[in-house]
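Here is the structure we will look at.
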Amino acid sequence: MNITAIRNEQNPQPLIQLKNINVVFAQKTALQDINLNIYPNSIITIVGPNGGGKSTLLKTLLKLQMPTSGEVIYSKNVRIGYVPQKIHLDHSLPITVERFLSLKKGIKTQEISTALEQLSISHLRKSNMQKLSGGEMQRVLLTRAILNKPNLLVLDEPTQGVDITGQAELYQLIHQTQQKLNCAVLMVSHDLHIVMADSKEVLCINQHICCAGTPDVLSNDPTFMRLWGNQIAQNVGFYTHHHNHHHTLHGDVCGCNSSAVHCQNKDK
């Protein structure tokens, strides 16, 4: 399946092109025939089962994993800001937020101040990284990612372990950041159905691209509005899968079926 993100009419050239990407580990296929164009200002969410290749796709895009075959083409002006799923900090070596952000090469103190203010966490400047809450840590990692003023923001499962209220707040923050930077967003979601409402394209990946589409806007659902309120409904969307095939527990395609819509998580 070939997927092309929403094309920006004023910037027709993609920031990144993935062409026929295949990744194989010890005869086990991680990615198969992935084709994807990422255009300026687009917002793409990638979902799929555990072990389905989502993280491998990000690593390939970030040049952390060489594809077995295929190629990744980068535009000359692409600047990527990356928000990892988590970082490991040595608790025996305390480090403040300010010091952590200053470790990024070529960053000035004023740039750190501006980024902290933009993410509304200036009050955390002197805080110990090891003592931050999960939500605070995500904001710090997002702050670090925008220091180089990226035109593509890549986030690996930013809402993992966060309840739906926290997800809505984080999605709103990502939306605001995207608007200020005028950048594209590529995000991996751990949830198969709940995604950022602003996603222009949702891709379900299980080795290959199983299906793609747009999320349903939950603010149009009066029942959801009554249960969760306007803020959550405005920022959270629901993605309905429409697969035409099934996968075995090992991820292999086991036949086509026009009614196949199931996507199950499996152990990594």
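Here the Cβ of each residue, glycine as well, is placed from N, Cα and C on the backbone.
The annotation ATP binding site is assigned in Swiss-Prot to G48, P49, N50, G51, G52, G53, K54, S55. Here Swiss-Prot flags 16-231 as domain 'ABC transporter'.
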| query | Ranking the binding-site residues N50, S55 by other Cβ atoms within 10 Å, which is at the bottom? | reply | N50
| field | Integer average pLDDT (0 to 100) for the domain 'ABC transporter' (16-231) | value | 88
| request: Could you tell me which of these binding-site residues, G48, P49, G51, G52, has the fewest other Cβ atoms within 10 Å of its Cβ? | output: G51
| Going along the chain, which residues six or more apart from G53 (ATP binding site) have their CB under 8 A from its CB? | V23, A30, L31, I205, N206, Q207
| query | Within 10 Å of the Cβ of K54 (ATP binding site), how many other Cβ atoms can be counted across all chains shown? | reply | 23
